[in-house]
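See structure below.
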Amino acid sequence: MVQYNFKKITIVPTGKDFVDIILSRTQRQTPTVVHKGYAISRIRQFYMRKVKYTQQNFHEKLSTIIEEFPRLDDIHPFYGDLLHVLYNKDHYKLALGQINTARNLIGKIAKDYVKLLKYGDSLYRCKSLKVAALGRMCTVIKRIGPSLAYLEQIRQHMARLPSIDPNTRTILICGYPNVGKSSFINKITRADVDVQPYAFTTKSLFVGHTDYKYLRYQVIDTPGILDRPFEDRNIIEMCSITALAHLRAAVLFFLDISGSCGYSIAQQAALFHSIKSLFMNKPLIIVCNKTDLQPLEGISEEDMKLVMEMKAEAMKTVMGQGGEPTDDEGVLLTMSTLTEEGVIAVKNAACERLLNQRVEMKMKSKKLNDCLNRFHVAIPKPRDQKERPACIPQAVLEAKARKADQAAEKERRKLERDLEDENGGAGVYSASLRKHYILANDEWKEDIMPEIMDGHNVYDFIDPDILQRLEELEREEGIRQEQEADDDFEMDGAELTAEEQEALAEIRKKKSFLIQQHRMKKSTAESRPIVPRKFDKERQFTSERMGRQLSSLGLDPSLAINRARSKSRGRKRERSPERGEDAMDVDNDQPSKKLLRLRSRSRSRSRPPNEVAPGEGFKDSAQKVKAVKLAKKSVKKRNKDARRGEADRVIPSLKPKHLFSGKRSIGKTQRR
């Protein structure tokens, strides 16, 4: 759909980068070794090739820049004028002209120096001519550096322009700043235009797309326009004027009848009459926005007269399309983008007017006669007067009837939420709890209970059988308490001695303290830092703490402390039994059974590798040894190839690119 895509224009390098790119390419792509012992024809050919290759690269790069940038005379007038407004057509053409001149100069320099190289009589002279040729080419490029930088700025800005197709179905939104244009395009399309309560929030053209009758329409949001002379308008306003002048579209002129935009209806009407020449031959709709603040009927007579004058101008566009003068439907519409009232009606009216105009223009064109010869419209005629109604199966009719009954039942049944909505909503409606009372008569549910009845206070009423009912309740409560006593045992302090009662009170106090401590820690768990155990003085597990706790319980802590210390130390080498009291006595070769038993207990028992552990799945140790050997053999090749696992399929680079690419010069291969 889009014919102009400025995002594909190649990046324009700066003058210095341009020279570096071309000279490095010449150095890489042409031979670099030449000796004075070569034949003079070979030396000439060597340097002529370098000059020609450099000229070709400059020519290709500059030609790409000239061809990819659009020619203002060949593109659509909308884009031509838009580029002129944004970048000044004269500067743009001048920059491209300088690029073209530089391309021709480089070609001429290369041609002249190739001629001179044909008569070079030594290696030194040929090399000097080559250096001079390349130097002059680079000087030409450096001179056009400002033009290259200017074109790069234009390329970046053009890449940010919206992709607008001037030939497709288009809806154009215009008007004063801050009248609701951007809010409207956000409502009917998926565009996300910034909306703020001040003027000139939109500073460029924005495009969105919407559908109507299975056709795609592009909607263009233009910046606000002020009522002032054409020469005084800035670039932002000229973007809107350019779109109105060149795009064949339906125009929506937005009118803020509430005056909250900061401009009166008289000022907006003056703007309408100053730019109405741009609305010729276009479907025009006057849209009165912000009716939630001020309805159209509530404005003054003078303002209403101005609105009617604008409506009369818009009617001329209807008559220009062949419509009737009395057909004023869809010319003056009201809406509110805040409440979304009338938004879809405005969109549908604009799309319908634009569609009718495009169809009418195609009907008047010469191409229609060529197309009508290919069409034949067949209209069926009735063969007799007999009615033939549609045949609907009985099962389908029954299913429809059931669905209708279910829908009616749903409509009949009202929920509390429905009742709440009907009676004023939350905070106003109070649900009645009495309607679910089970009484002999439903009319009693809403009765108000009296405080005084037959001269007596109702709350002083006493049931004559109250004592009998109280005995029954106490008897039932006693039975339940006996059952609970059997189920759950609760220690009673009355049966304990004085010492036991003190111990029980201490235990309960300690228990409640631990519960409170745990709750405090749990409530501050997220904000409490995590302290390592060796720095946590409260929870540090030391032998001194263990000794204090055992002593408080009335136990001797010495044995437990010694045992913990012996375990914490590493196992030292035991002294041999023969080095006892008499070191020279070597007759006692065998240690005692008790010493062996102690030594075996102090060591941790380890299982030999061949022993089968329960759950490993081997029949015996021989099968385990065989499986271990097979496993080691299977990973041997993988480890040799330095693979991570069975799924590692990496093929190592046998020729690293940094060692094997490019020209090889004199010197070692490992350095370039």
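For all residues, glycine too, the Cβ spot is worked out from N, Cα and C.
Per TrEMBL, these features apply:
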- 169-355: domain 'OBG-type G' (DOMAIN)
- 516-672: region 'Disordered' (REGION)
- 533-547: compositional bias 'Basic and acidic residues' (COMPBIAS)
- 564-574: compositional bias 'Basic residues' (COMPBIAS)
- 594-606: compositional bias 'Basic residues' (COMPBIAS)
- 626-641: compositional bias 'Basic residues' (COMPBIAS)
- 655-672: compositional bias 'Basic residues' (COMPBIAS)
**Q.** Within-chain partners of the compositional bias 'Basic residues' (626-641) [C-beta distance under 8 Å, separation at least 6 from its ends]
**A.** 609, 618, 648
Q) Per DSSP, what is the residue tally for the compositional bias 'Basic residues' (626-641) in helix, strand and coil? A) 15 helix, 0 strand, 1 coil
Q: Check the domain 'OBG-type G' (169-355) for me and report the mean pLDDT.
A: 84
